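Colleague: For reference, the structure I am asking about is given below.
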Amino acid sequence: MNPEGYLVLSAILFAIGIAGFLLRRNAIIAFMSIELMLNATNLAFVGFANYHGNLDGLIAAFFVMVVAAAEVVVGLAIIVAVYRARRSASVDDANLMKF
Amino acid sequence: MTSVLETMIPAPTLEWMELSPLIVLLVAASLGILLEAFVPRASRYVVQSGLAAIAIVAALGLTIANWIDLTPKVAAMGMLALDGPAYVFWAMLLIFGLGGVALFAERALGLGQSAFAASAASVPGSPIEREAEREGREHTEVFPLLLFALFGMMIFAATNNLLVLFVAVEIFSLPLYLLTGMARRRRLLSQEAALKYFLLGSLASAIMLYGVAMLYGYSGGLELARIDAAILASAGSHWLLLGGMLLTSVGLLFKIGAVPFHAWSPDAYMGAPTPVTGFMAVATKTAAVAALLRVFYVALGGLAWDWQLLFAVVAVMTMLLGSTVALAQNDMKRLLAYSSIAHAGFLLVGVVGAVQAGDNVNLSSVAAVAFYLLTYGIATLGAFAIVMMVRRSGGEANSLDAWKGLGKRNPLIAALMTLFLLSFAGIPLTAGFVGKLTVFASAWAGGYGWLVLVAVVMSVIAAFFYLKVVVAMWFSDADDETVGTVETPSLWTWSVLVVSAAATLVLGLIPGGVLSLIADAAQFIR
């Protein structure tokens, strides 16, 4: 199997994730972009594991999934708290502090 | 069936004694969560703060016991490296954690309430919040959260595996994101800080994880030694290695608060409850610098020519931005945040040196940076303890105007603050001076003379804004509109203040003992 295709796909997904984080204003979408980046990384891990023929990358992918789930719990709690206080989840509205 | 399983997945062998400090913290944190369900609300604060303090003292005792008969080893199936630097950073983290617990437990200030929201889930200004305030509720979960964060930081400082690096960064970051959003006063600010810290923090760790994946692709393993061996054999694609190094450094530099990844720290420091700010400023930086040293010295040591220049440039930018922007700040917490950014730059100056102790070098870079962190940490904890005490109409008065004339109203507190600020500025006879000397000597020995010259100029610029606060405290007159009064704290905060002030003086006057203690233990295991 040629791993390059998977790595290119993973890099593209990662780039979409970064672009989404930087361009979208909604905190939930920005957070989804981060999840996309983590999953792109998982794809890279699995691709590399296949290339090297060892299990490290596969196990890493499992750990990343668990950590991502924990991050969702904390992240959504914070985003929901901010949304309830301000009636807006836009990151542009969170501007009480500058410089 | 079992035999097949055992051959495929052997049961791990763990070094229970060496790992005991981590286990104590984790068990105490989990126990703290359980206690929330069983202990009546009135006695919860005492029980939780006592449990946290006892757990940290026990972990510190176990760490010191292990440190005394130190045999550097790779523990927990190659996941953790328990060597001299690991124990140095563990001891420092636990001391800072104890200071953090003391500041968290402070309830004598501001109408006898803790610094944390009565009900963090309630909407600010809502009836539910008012009811929680009236009932005098308090979030005692902050102590288990602190223990979880401390647990993650200790793993982070001793990681021997890049996957553990990522897991540990999340273990200590997630509790900190939550703690940031739990301030009792100015809750909108606090929640905004938590949102910014969380979004930027998880972005940085996702980028770091991609770097880890690239390093894995380069070397075929996640252990630091494996990557080092792959670099020496120059196997694999050089682009993968360079890309992996760059992306991994992003996550670590973010946690240190180095430019250009510093944007979160002024906001997170300002919005977070002040005890959390103090803990975060000190412990996160210590853990992150420890992990940075380990990853770059052990795994990427073969690339030193590349990353030394990179870190030198980052250090110059960090010192420049931290010291100049701090001049324009009018809020004490923000000012201390920019000061911590400048200190991240000075720490990177020490990291750039990358020298071993030898013929012409008294102190290795690891020891120099560790000592600098110690001096920075104690002064920072003390400074934030004083920030908690200067108050106006129930809340903290963080604006610089409130601090004017503090020397006339409360000479003792103003003198202590002056001591901490002089230590930050690196004035002789304080700990900060010795710290700066050691990191500058490390960079000089590593052949980065120009960086030392730049850093000396920057520390002069940085001294300006510390002196700005000193002048405001001693030589300006208070304005009745904005004046802040010093409230008397409980024994918790006093002990932090006394210990930090004494340590700042002792490490400035007779640093020899601690320096040699750190220097003896400053050799990474490979």
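Each Cβ is built from the backbone N, Cα and C atoms, and glycine gets one as well.
Because the structure is a prediction, the values reported are computed rather than measured.
Heads up, here are the entries from TrEMBL:
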TRANSMEM  B:20-39  transmembrane segment
TRANSMEM  B:51-68  transmembrane segment
TRANSMEM  B:88-105  transmembrane segment
TRANSMEM  B:142-158  transmembrane segment
DOMAIN    B:160-461  domain 'NADH:quinone oxidoreductase/Mrp antiporter transmembrane'
TRANSMEM  B:195-219  transmembrane segment
TRANSMEM  B:239-264  transmembrane segment
TRANSMEM  B:276-297  transmembrane segment
TRANSMEM  B:309-328  transmembrane segment
TRANSMEM  B:369-390  transmembrane segment
TRANSMEM  B:411-435  transmembrane segment
TRANSMEM  B:447-475  transmembrane segment
TRANSMEM  B:496-519  transmembrane segment
Colleague: Residues of the same chain, at least six outside the transmembrane segment (B:51-68), with any C-beta under 8 angstroms of its C-beta?
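Modeller: For the transmembrane segment (B:51-68), the far contacts come to 17-18, 20-22, 24-25, 27-29, 31-32, 35, 82, 87, 90-91, 94-95, 97-98, 101-102, 104-105, 143-144, 146-147, 150, 521.
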Colleague: Before we move on, state whether the transmembrane segment (B:496-519) and the transmembrane segment (B:88-105) share at least 3 Cβ pairs under 8 Å, counting only pairs 6 or more apart in sequence.
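Modeller: Between the transmembrane segment (B:88-105) and the transmembrane segment (B:496-519), which are separate recorded stretches, there is contact, as judged by 3 or more close Cβ pairs.
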Colleague: Please give the sequence-distant neighbours of the transmembrane segment (B:88-105): residues at least 6 beyond its ends with Cβ less than 8 Å from one of its Cβ atoms.
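Modeller: Residues 21, 45, 49, 52-53, 56-57, 59-60, 63-64, 67, 114-116, 142-143, 146-147, 150, 153-154, 157-158, 274-276, 278-279, 282-283, 286-287, 290, 370, 373-374, 377, 381, 384-385, 388, 490, 492-493, 495-496, 499-500, 518, 521-522.
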